[in-house]
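These notes concern the structure reproduced below.
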Amino acid sequence: MYILYSPDWHYRSTMPIFLFFYGAAFAVVHSFVRFDIGFKVHYVILCLLCIPRMYKYYIYTADVCAKWIAKLYVATLLLGSLFWLCDRVFCKEISQWPINPQGHALWHVFMGLNSYFANTFLMFCRAQQRGWSPKFVRLFGVLPYVKIEKPKSQ
């Protein structure tokens, strides 16, 4: 949330303070009251709050690789949710299969990739806003990351 909304936030100190206390309060309440469905609803709301801002960055980005990474962000969100939902709804049927696809574990894998792609895309957009000439490079020829070349004056 901070990465998404901080460039346009008018009160620089209030957002990090609010997010810190919000996160701390949620962690404390969740540790005492194990609200399973509430946790998932909270996560979905946070994801939905991110989509409009991600779309705003997406439509103003001309870089093909950046757009591809934004699409991977959405695809991993949908795939992770689909695996989790199938695992939840069809748990008894799936557990009788000879090989269990481990939908919950796949949810964690896809959501980890989702977080990585979101932050990589936002890093690129923020560096572009700052005039730092970002470009994508691939770690071991596979995993994209942002390489930034700041101007000498900064």
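Each Cβ is built from the backbone N, Cα and C atoms, and glycine gets one as well.
Note that the coordinates shown come from a computational prediction; the quantities given were computed from them, not determined experimentally.
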Tell me which range among 105-125, 126-146 TrEMBL lists as transmembrane segment.
105-125
Go through the chain and flag residues at least 6 beyond the ends of the transmembrane segment (12-33) whose CB is under 8 A from any CB in it; none is fine as an answer.
1-2, 5-6, 39, 42
What's the number of neighbouring CB atoms sitting within 10 A of the CB on His108 (Zn(2+) binding site)?
13
Can you tell me which parts of the same chain pack against the transmembrane segment (68-85), counting only residues 6+ beyond its ends and a CB-CB cutoff under 8 A?
47, 54, 57-58, 61, 101, 103-104, 106-111, 113-114, 117-118, 120-121, 124, 136, 144
